[in-house]
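Visitor: Below you will find the structure I want to go over with you.
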C-alpha cells in the first residue's frame, strides 16, 4: 500500500502564540499574560468538523490533527463510505465510533478541498527535482496553444516574474511582485494546504503571465528577453484589452472548479460583469508596483502616459469630430479620477498580491446580477466565504496583523473607488461612440459595456 505523506507541521505559524509582544516595555518574552492566553486561544479555533481542539487551517478549513489525517487518507486512497443511518449522523469528538461517511461529508461541507491532498501527494518529490519539473506543482491544465502568434510554441518553462525594475531609478529586489518571498513582513510562505484557493490563483496567474508574454509580444521582440515597456497609443491599448478577454477567461476557469460546473449562461453573466472591473483593478495594482507616477501600466507591461494624452490619442483624429488635443482634454478627467480615487488609494493601502486576488474573488462572484440564478448566487457565497477564511489565516498567521478584520475592511474599501472609476470610463466610451468623438472598434465598445460572449 502506498504510504500516505505525513502532515506538514505548522509550528512556524503558531510560534508567536506562546510569547508576548513588546509594547514599549521590557516585559520578558517568556511571561504569558491573560491577554496573550486569550489571543492564543482565539487564534486557534476548534475543529470545524468535530469541534475538537483545532490545529490550524488544513486543506481550506479549520481542523484538528485527527480530522486532517482522516480527510487526507480518505482522499488519497479514494475511500468510499456508506452511512447506515440516513446520512444524518452526529459528528463530534466525544463519539467513539464516528460515522465515517458523515464525517467525510462534514469535511467537504466546512470547506476542505480534496484537490489539495492530490496536489500535495504529487509534490512529494525530492527538492532537487523540483527545479526541473515545475509542472507537478501546478493544479490546472496546460496553457493552450495560441494561434495568434506563430512562434507560440517556445513558451518559457519558468515563471514569468513581473519585473518593474525598468520603471525605477533605484535597484529593486529580484523577486516577483507576485512572489510570496517578496511580500514585506512574511514569516513563512503560504501553501496549497493552508490557502488552497488564493495560492491556486497565484500559481495560475504566473502561467497567465507567461501566456501574455507571447500574446502581447511586439514584432521582432524576443520573449526570452526582458521586455522594455514603452508608451502606447489608444489603438494599441484597445488591442491589448481585446486580447485579454480569452486569457482572463481561461485564468478564471483554471482558478475555480465551481465555475466550470455552472451553465454557460451563468458563466457569461459572471464574466461579462467582471472583466472591465478586473482590467482596471489590475492596471492600478501594476501601476502601484511600478513605482512611477503619471502612468498606468497595461497587461502587456506597456503603459499609458498621463502626461502625454495627446500622443496617446494621436491616431484618433481621422474621420472623427475631434483633434487629439480636444480628445485628450475631454478624457483627462476620467484618467484623473482613476488616479485620484483608485491608484492613490491602492498605493496608500499597499495592497499585496494575495489581497489583490481576494479582491478579484469578491468582484467575480458578484451577487444578484440580472439573470443570475439562485444556484449561482449560492456558489458565489460559498467561494467568498472560503477566501475570507483564507485571508483571515493569511493576515493573522503570515502577515502578523494584530487586527486582521480591520485590514480586510481597508482592502475591501477599494471596491467603491473602483466602481466609480469604471462607471466614469464606461460613460466616456459610450459618449465617444454615440457622438463619434474618436474612432472606436465595435468589439472594444462591447467589451467595455459587458456585451460580449
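Each position is counted from 1, following the chain as shown.
Note: Cβ is positioned from N, Cα and C throughout, glycine not excepted.
Sequence annotations record features per position, and here Swiss-Prot assigns DNA-binding region to 44-119. If you look up Swiss-Prot, you'll see 18-36 marked as compositional bias 'Low complexity'. Annotated domain 'NR LBD' per Swiss-Prot: 178-451, in sequence order. The region 'Disordered' annotation in Swiss-Prot covers 1-37. Feature annotation from Swiss-Prot assigns zinc finger to 47-67, 83-107.
Let's see these features in context: how buried, what's close, how far.
Guide: Computed over the DNA-binding region (44-119), the whole-number mean pLDDT of the model equals 85.
With a cut-off of 8 Å between Cβ atoms, the residues of this chain six or more beyond the zinc finger (47-67) that come close are 7, 10, 13-14, 91-93, 98, 103, 106-107, 110-114, 116-117, 193-197, 386, 389-390, 393, 397.
Beyond the ends of the zinc finger (83-107), by six or more residues, the same chain brings 47, 49-52, 61, 63-64, 66-67, 70-71, 74 to within a C-beta distance below 8 angstroms of the stretch.
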